[in-house]
Amino acid sequence: MGKKTDMVLSVADMAGTVLFAVEGAMAALRGGLDLFGVMVLSFATALGGGVLRDLLIGAAPPTALRDWRYPAMAFAAGAATFAGHAVVGQVPVGLMTTLDAAGLSLFAVAGTEKALNRDIPPFSAVLMGTITGVGGGTLRDIMLAQVPAILRVDVYATAALLGAAVMTAAIRLGVAPRYAALAGGGACFALRMVSVWRHWALPTAMGLQG
Amino acid sequence: MGKKTDMVLSVADMAGTVLFAVEGAMAALRGGLDLFGVMVLSFATALGGGVLRDLLIGAAPPTALRDWRYPAMAFAAGAATFAGHAVVGQVPVGLMTTLDAAGLSLFAVAGTEKALNRDIPPFSAVLMGTITGVGGGTLRDIMLAQVPAILRVDVYATAALLGAAVMTAAIRLGVAPRYAALAGGGACFALRMVSVWRHWALPTAMGLQG
Amino acid sequence: MGKKTDMVLSVADMAGTVLFAVEGAMAALRGGLDLFGVMVLSFATALGGGVLRDLLIGAAPPTALRDWRYPAMAFAAGAATFAGHAVVGQVPVGLMTTLDAAGLSLFAVAGTEKALNRDIPPFSAVLMGTITGVGGGTLRDIMLAQVPAILRVDVYATAALLGAAVMTAAIRLGVAPRYAALAGGGACFALRMVSVWRHWALPTAMGLQG
């Protein structure tokens, strides 16, 4: 890719990291955690998915430890949220949902690309893209002693899965990486937004419960 | 080993993966998770132990990501269980327990062998065999926000530990791998089945509770 | 370092492992776990922080699996605690807190040094020292389906973080490793003990709760 595309990608990546860190910090505050807990959940939510992916594809130490800017941004976002949670709490839900869908799309696509670049087979690359997108939120929920939200409700992980699958398929069909990423990210974003708008949810097998 | 033994082993390995995936899916359904949650718990229960082992022995990316047939089988078993849970729920408990004991024995022995083949010291190889057998169920329980069952009740992990220890000892004594595996697997299966039949449980220190 | 320093360090490392294993076993007994659960929590509490660090810095298999003496000591300490929990329960709280602060300091400093020796950047080395100190207790709490104590209360992880930061800064300023370790360990121990004595706690944002 050209230098300009690279910079756009880097800026987007950093923006996604900051956004997920803010969401982790808000979850920590709602859970009554102290300042250290807020910092840990900011880090885990923003970078946990990428760390898991890097461990799984054999790329340790993960990017989040090699490049100090990622943890620094996650911690800065966590501290800022701790200090200004009253302000963050007033961001309209619709805006937050839209930004989150954009971050999810970006992480899913970036994770898929990294896995494919390391010769992970296509089927597993799709899993790695999905984990990059939703792994941070899953770690956050586990640390809050809750069943991860993505396992229970909403079309969220499914959107990440779709984006990763579309990107992988496009790459396999010979589409240039930048367009494959656009197609995958677009598919993830569109499915997520439509499912929020239409209140879609995945099926459960209610008869078995209780 | 000869080609025939290899094929028997592969078939057994795949059968164990499918069985554990079905058990993970049933646990997810009982926990009220949606279709994505069912797929994740199928994958985690069936392949989580092997993934943990591979990360710990430095064999990333793990087999479950290198060979697409393992995740494909786990997901297929999860989807089939989601669709046909009424049928799966009618499998007699005794049959399920017996199959599960067989799967546990197989995973414990296979995990021990893989660790020994990578020059992990004997003591740690026994741990790796145990983790291969019970790691998936432990991840499943953590994702369901429950204290892992193996830490609380039953002679289950202990059976995997015995099997791994018997196999490691036999290999150290110069027994051929296939017979060492048979001895280890047999010890695990026998201890598990007898403990279910006789209602054995590990001691707890009740005086400390409450 | 000279041979004598090495031996002092090894003895201290082993003492820290035993102490953390005892604490893990006591938590398991309070949680009503059986003998296997006690052994797992002894192992996880004593060695989980180091295992996490080694996976993250790309040093798999972790030391705890390469050197059989570490798991052997953790399991021996767990078994001894299971058998003699009445005695262990009578150790004065103040003594236990002091020993624990010493163990925390030691683990934080040792983890930082290992990360720096593997050319992990300074910012991440501080994180690795902190994880080495508190990762085991975090895993223990997650396995007990509890929100990790370090995220909720007390100046505990913050002390490990301070110790790791002091050590890293000292090394960067050219201080000899043994003095940097003393400074870092001393800072961690002092902050932890003073915070217990003065009932310090990190701020939370109470207004957001409930």
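Any Cβ shown, glycine's included, is placed from N, Cα and C.
Taken from TrEMBL, the feature transmembrane segment applies to B:7-29 (among others).
Shown for the domain 'Glycine transporter' (B:11-84): DSSP residue counts in helix, strand and coil, namely 61 helix, 1 strand, 12 coil. According to TrEMBL, the domain 'Glycine transporter' annotation covers B:11-84 (among others).
Listed as Cβ neighbours of the transmembrane segment (B:35-56) (distance under 8 Å, sequence separation of 6 or more from its ends, same chain) are residues 17-18, 20-25, 27-29, 62-65, 70-71, 73-75, 77-79, 81-82, 107, 111, 114-115, 128, 131-140, 143-144. The transmembrane segment annotation in TrEMBL covers B:35-56 (among others).
The list of residues near the transmembrane segment (B:68-87) in space but at least 6 beyond its ends in sequence, with Cβ under 8 angstroms from a Cβ of it, reads 14, 17-19, 21-22, 24-26, 28-29, 35, 38-39, 41-43, 46-47. As annotated by TrEMBL, transmembrane segment applies to B:68-87 (among others).
Taken from TrEMBL, the feature transmembrane segment applies to B:93-111 (among others).
Annotation comment: TrEMBL describes B:98-169 (among others) as domain 'Glycine transporter'.
What TrEMBL lists as transmembrane segment is B:123-143 (among others). Long-range neighbours of the transmembrane segment (B:123-143) within the same chain, counting only residues 6 or more positions beyond its ends whose Cβ lies under 8 Å from a Cβ of the stretch, are 20, 23-24, 27, 40-41, 44-53, 56-57, 104-105, 107-112, 114-116, 149-150, 156-157, 160-161, 163-165, 167-168, 184, 188.
TrEMBL lists B:155-173 (among others) with the feature transmembrane segment.
As annotated by TrEMBL, transmembrane segment applies to B:180-200 (among others).
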Give me the mean pLDDT over the domain 'Glycine transporter' (B:98-169), rounded to a whole number. 93
What is the three-state DSSP composition of the domain 'Glycine transporter' (B:98-169), stated as helix, strand and coil residue counts? 59 helix, 0 strand, 13 coil
Residues sitting near the transmembrane segment (B:7-29): Cβ under 8 Å, six or more positions beyond its termini, same chain? 1, 37-38, 40-47, 69-70, 73-78, 80-82, 85, 88-89, 96, 99-100, 102-103, 106-107, 110, 136-137, 140, 144
